[in-house]
Amino acid sequence: MLASKTASSVTRRALLIRQTCRLYTSKSRSNFATTTRDTTFNQANFDESQVQKTPVGSKAKQLFESGKPKLTRLSVDGPIECPLQSFQLLNSPLFNKGSAFTQEEREAFNLDALLPPQVNTLDEQVERAYKQLCYLKTPLAKNDFMTSMRVQNKVLYFALVRRHIRELVPIIYTPTEGDAIAAYSHRFRKPEGVFLDITEPESVERRLSVYGSDKDVDYIVVSDSEGILGIGDQGIGGIRIAISKLALMTLCAGIHPGRVMPVCLDVGTNNKKLARDELYMGNRFARVRGKQYDELVDKFIKAVKKRFPNAVLHFEDFGVKNARRILDRYRNELSCFNDDIQGTGAVVMASLIAALKHTNRDLNDTKVIVYGAGSAGLGIADQIVNHMITHGLTKEEARSKIYLMDRRGLILSSLQQTSTNAQHVYAKDDKEWEGCNTKSLLDVVSKVQPTCLIGCSTQAGAFNKSIVQEMYKHNPRPIIFPLSNPTRLHEAVPEDLMQWTDFNALVATGSPFPPVNGYRISENNNCFSFPGIGLGAVLSRATVISDKMISAAVDQLASLSPLEEGNSKPGLLPPLEVIQDTSSKVAAAVILQALNEGVARIEDEEVPGLPGKKVQVPRDFDKCLTWVRNQMWEPIYRPMIKVNHDPSIHTHQI
């Protein structure tokens, strides 16, 4: 009986290795620029003789001998060095494999008493987790489940989301994440991220230090939580939007989940409901503004530049009065961008280009009404202008094609005193609009006869039947993007837009919607833009993220549109199921543009493990794409090496 069990155990171990471990090869990191990394098991090429015990301890260390470059716990392939054991290992989301630890690993890391005897594959774990998820009835309950999984086992978390990406992205991101953020203090379980308190500005660098030093962080998302996902000021709960964006960076672009840092600037809240809530976990005073606020942001930026000089900084959901001025102040100092301004602008611009190309229209002849003049609306307007300039228009000519509206109506010259500088550059001459009710979207649509109507207003139903049919009367293929989040705040629903235009509208939305009569409704989700832009900036070691790098991302994304001649049903953007492929191609375009502009530092670095040999990035797009994909993290379990305490492993990784 014992012999039978042992044989069965050996067989199971062999299957486990075959299904969940990519065997470590002797390839040198020196040729990582031209070798495609195989991330799937190939039965035809499998060598039975290599089915052996998972390397641990001294046996695994042999993999690092013979002059091979050492691959660390934060690499994307090969064995992982691990100084943890027992309960500490099981409680580390970056190292934990749960029931998938092999028998050898269980013995080496003192886990055999802490786990049931059956060893599972990652596929089996994903199946079990998905069944557990399906028992839950509400999106918010599913969001809680996924949050718990993320802080327990990151490989399993990302493997599950990848397997069911269309179903689960709306759970871990918009629209459900907005509800989770609003309920943060009530649903809090385990802290994640860095909290910077405006009452303790001198502690900024010390607080950031728990995430390590310059070689430990690639990507940082920071929010002051004032403009969260269309639901406004959410105070301390804004840490979750930073966490969600970083989850998408890993899911979509393969940024290593151990090399990211979410940050919340707690500067108070003007959300009275939160401030009065006895369970609220943040500062309860009104939002601090002015000099004290700017000093905190400046201390944070300086600390990032000092401690993480190679990291990309991503500004997320800052309020409209701060978002653009902070971006403008720091964008030439370090590699940073604002997703609400530049990321939103990029994905909408790509959709617009795809729609225009599909209907044989010229960008420079396009007239656009942007309904909603906040960070997102202005970012979209600016991106359209930048693209028109690259296609031959002057800045003034391009801006004349944009009609910006907010709660006051059309932005006019007479509104200068109450408009921001970013809004006022789009102001129209009052004389040209005499006799027109500029507060009425219907009247503005009737006068402008726009090619494209974009909604960033968070006013549900703003694009009503009268307005849409007025647009359709002058435009046989109207392009309409109701983008406000969450879903309940959409300016219109796709089914209505399609019916009101006899299925001639080209529609993309800000949240997921089901197909309408076979027409796939593309989601103008920023996850199609910012992961590729961010990955490109990380891998190129860009000193800045330039407008031309953003434009390169736009053009590449637009080129991936699945629209076919005479067939609008496939949608404007690639499906979510191929998001890793999409992001890698966007990243390659960004890298090549960064190299072309001379803002990439990657070729100043040495190839890991090969002193004196500089990195060379291929200038050919396909080869550069391979170079990018070789460095993208995959949610697979890797063999583990037991080592003594590693002082470079930081608190957030344990």
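Every residue, even glycine, has its Cβ placed from backbone N, Cα and C.
TrEMBL lists Glu316, Asp317 as divalent metal cation-binding residues, and of the candidates Asp277, Asp340, Asp362, Asp365 the one it assigns to that same site is Asp340.
Long-range neighbours of Asp317 (divalent metal cation binding site) (same chain, six or more residues apart, CB within less than 8 Å of its CB): Ser223, Asp224, Ser225, Glu226, Gly227, Ile228, Leu229, Gly238, Ile241, Asp340.
Using Glu316 (divalent metal cation binding site) as the reference Cα, a 10 A cut-off selects Lys245 from the recorded positions Tyr173, Lys245, Asn485, Asn525. In the three-state DSSP reading, Glu316 (divalent metal cation binding site) counts as coil. Summary of the divalent metal cation site environment: with the site residues Glu316, Asp317, Asp340 set aside, the chain residues having Cβ atoms within 8 Å of the Cβ mean position are Ser223, Gly227, Ile228, Ile241, Phe315, Phe318, Ala323, Asn338, Asp339, Ser375. The recorded positions near Lys245 (active site, proton acceptor), taking a 10 angstroms Cα-Cα threshold over the set Tyr173, Asn485, Asn525, are Tyr173.
Sequence-distant neighbours of Asn525 ((S)-malate binding site) (same chain, 6+ residues apart, CB-CB distance under 8 A): Val169, Tyr173, Thr174, Val347, Gly510, Ser511, Pro512, Leu576. Sequence-distant neighbours of Asn485 ((S)-malate binding site) (same chain, 6+ apart, CB under 8 A from its CB) are Thr174, Pro175, Gly178, Leu229, Gly230, Thr458, Gly510, Ser511.
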